[in-house]
Amino acid sequence: MSNIHTATNSMEKLSTYLHSLSQTPHRLRKRMLATWTPDQEFNQVRHRSGADMKRKLRWYDLVALGVGGMLGVGVFVTTGSVALHHSGPSVFISYIIAGISALLSSLCYTEFAVQVPVAGGAFSYLRLTFGEFLGYFAGANILMEYVFSNAAVARSFTEYLSIAFGENDPNVWRVEVHGLPKDYNMLDFPAVAVILILTLFLCHSTKESSMLNLIMTAFHVIFFGFIIIAGYCNGSAKNLVNPKGLAPFGVRGVLDGAAIVYFSYIGYDSASTMAEEVKDPIKSLPIGIVGSVLITTLLYCLMSLSLCMMTPYNKISEKASFSIAFLKVGWSWASNLVGAGASLGIVASLLVAMLGQARYLCVIGRARLVPSWLAKVHPSTGTPLNATVFLGICTASIALFTELDIIIELISIGTLLVFYMVANALIYRRYVITGHAPPSHTLLFLFLLSLSALCFSIVWKFKQQWWGLVLFGGFMIAITAFYQHVVPNTTIAQHAQQPQHWSVPFMPWPPSMSIFLNVFLMTTLKTLSFQRFAIWACLITIFYVLYGVHNTFEAEEIEMSGVSVVGDEVNSSVHNLQTKVEIQVH
């Protein structure tokens with residue numbers, strides 16, 4: 001009888017799902033552009049996680065989280081290669097350009113984080129502005145970037161740790177399995193171990209995890225200081241201009257190098273995902289997000305200058321460049337120290353990134369775009385336990401097999417696209433949603449701005465006539481100035497009356513420049529990365545059409561049907577989701 005009952009239930013579920021699929025066009029029209037208000041996001045949606053995340057973080061925690069998230073493997077992997085093949089001694093200028101792009105994007109994130117201090121990051125910001133699908137698309141890409149990069153960076157931990165113990169072979173602690181494809185046949189059990197240990201630690205408490213990161217980041221900054229001072233003491237300023245000047249590959253080499261070193265800045269957005277756990281978010285978030293980008297940029301520039309002073313750019317090693325540079329100046333003991341310091345930095349970066357990825361998935365689960373059990377917050381620890389464990393297992397599984405080189409550009413294109421979307425969302429929200437300007441004017445401006453950035457980038461990529469750069473660059477400046485003059489920013493007066501709300505200054509220039517730079521940096525990537533990204537985009541879109549839109553549609557329908565109004569209070573009981581939502585209607 002039990003088997004018959006189970007079969008009947010299965011048939012009923014299949015029939016219900018097939019009926020849902022038949023309603024897909026209607027549900028897509030209703031849900032794709034569905035938006036929430038900040039109050040709904042902060043109250044109604046946030047309560048779907050059950051317990052609240054605990055507000056324990058202060059501004060210095062956020063600065064440490066942002067710096068710790070960025071001061072990882074990126075600078076050790078990219079600096080030597082970019083100096084050797086692209087920028088020469090001017091690699092520090094490449095870091096400045098990439099840092100400016102990261103700073104502009106961080107300003108956009110900061111305004112959203114202050115106004116909507118929830119854990120969803122770009123997912124929440126885009127869902128509030130452009131609707132459910134674009135928010136989901138951004139969230140899926142950020143999760144992809146987190147999981148893949150964490151897995152690949154964890155494998156780098158094994159390499160640098162082996163150097164710290166005097167081993168020169170990066171695969172010495174890996175197990176080769178014959179029969180598996182190349183780049184997937186070196187099993188990395190130390191990488192799996194470090195991910196699982198960090199996952200268990202993150203399940204315990206956010207504050208303790210933040211304190212661990214604060215300690216590791218402090219040691220890491222001291223380690224960076226050692227490399228900088230040692231490089232200046234043992235190097236020579238003559239190496240910055242010999243043998244072919246400061247920029248031997250010209251301006252093009254400096255800009256192409258900026259696109260590559262941008263990978264070293266991925267991670268500052270982790271601080272925005274902690275907004276729900278921050279004390280005094282209006283003050284702490286701007287200091288934490290923007291401050292971490294500025295500090296990291298300064299350290300990267302000094303690090304790259306130190307390397308180029310120790311060794312002429314054409315003699316820099318592409319692999320383990322800092323370690324080899326110390327060997328060349330006679331400090332062999334420092335090579336092992338660099339390996340140990342890089343290992344510590346990688347652990348700090350992993351800790352911050354894994355904090356962020358769990359909170360992204362938690363908020364996507366609140367929206368019912370993935371199974372709702374991923375949104376649950378443990379009542380005693382105040383952490384998104386299910387999301388942390390699930391993503392930890394996924395990251396460890398990928399880290400066991402996959403090399404960094406396979407996915408690094410896929411990571412970059414997904415991240416740059418999300419930053420591009422957030423900058424567009426900030427302009428639209430500031431002028432249309434809160435400023436009440438006609439949507440058509442802003443949408444036309446955003447289209448022309450993106451088009452001019454794309455045309456400029458194509459002219460640069462294919463080395464066309466220089467006047468094309470002047471034409472499209474000038475057009476971008478002209479339409480931005482025209483838009484600023486024609487479309488008034490009525491929210492300026494509102495912010496003047498409410499000075500406690502932080503906002504991006506000099507609108508719309510910072511997000512416009514962010515859009516331009518993100519498009520430019522994306523076009524420098526290889527065609528293969530766009531092909532891989534297209535496959536990924538198709539997969540996540542299919543998941544939304546087959547699962548996400550139906551789950552959110554049915555959840556909202558059940559929630560609305562269960563609403564009973566009593567006076568000014570609205571109580572909604574959603575039994576199948578095991579949650580209770582209370583909305584205060586003003």
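Note: Cβ is positioned from N, Cα and C throughout, glycine not excepted.
Heads up, TrEMBL stuff is auto-annotated, nobody curated it.
Positions annotated as transmembrane segment by TrEMBL: 62-86 (among others).
Per TrEMBL, transmembrane segment is recorded for 133-153 (among others).
Taken from TrEMBL, the feature transmembrane segment covers 184-202 (among others).
Taken from TrEMBL, the feature transmembrane segment covers 214-237 (among others).
Taken from TrEMBL, the feature transmembrane segment applies to 289-313 (among others).
Summarising the annotation, TrEMBL assigns transmembrane segment to 333-356 (among others). Using a Cβ-Cβ cut-off under 8 Å and counting only residues 6 or more beyond its ends in the same chain, the transmembrane segment (333-356) has close neighbours at 65-66, 68-73, 76, 121, 146, 149-150, 153-154, 156-157, 160-166, 194-195, 198-199, 201-202, 206, 209, 212-213, 216-217, 219-220, 223-224, 226-227, 230, 267, 269-270, 273-274, 320, 322-324, 326-327, 388, 391-392, 395.
What TrEMBL records for 377-400 (among others) is transmembrane segment.
Among the features that TrEMBL reports, transmembrane segment is placed at 406-428 (among others).
Look at TrEMBL and you will find 440-460 (among others) tagged as transmembrane segment.
The transmembrane segment annotation in TrEMBL covers 466-483 (among others).
According to TrEMBL, the feature domain 'Cationic amino acid transporter C-terminal' maps to 502-551.
As annotated by TrEMBL, transmembrane segment applies to 504-521 (among others).
According to TrEMBL, the feature transmembrane segment maps to 533-550 (among others). For the transmembrane segment (533-550), the list of distant contacts is 17, 20-21, 23-24, 27-28, 31-32, 132-133, 136-137, 140-141, 144, 368-370, 410, 413-414: same-chain residues at least six beyond its ends, Cβ to Cβ under 8 Å.
Residues of the same chain lying 6 or more positions beyond the ends of the transmembrane segment (466-483) and with a Cβ under 8 Å from any Cβ of it are 441-442, 445, 448-449, 452-453, 455-456, 459-460, 508-509, 512, 516. Applying DSSP to the domain 'Cationic amino acid transporter C-terminal' (502-551) sorts its residues as follows: 40 helix, 0 strand, 10 coil. Listed by sequence, the residues of this chain that lie at least six past the ends of the transmembrane segment (62-86) yet keep a Cβ under 8 A from its Cβ atoms are 94, 153, 156-157, 160, 210, 213-214, 216-218, 220-221, 224, 249, 253-254, 256-257, 260-261, 263-268, 270-271, 274, 278, 284-285, 287-289, 291-293, 295-296, 299-300, 303-304, 307-308, 313-314, 316-322, 338, 342, 345-346, 348-353, 355-356, 404. Beyond its flanks by at least six residues, the transmembrane segment (440-460) meets 252, 255, 424, 427-428, 431-432, 468-469, 472-473, 475-476, 479-480, 483, 486-487, 512, 515-516, 519-520, 522-524 of its own chain at Cβ-Cβ distances under 8 Å.
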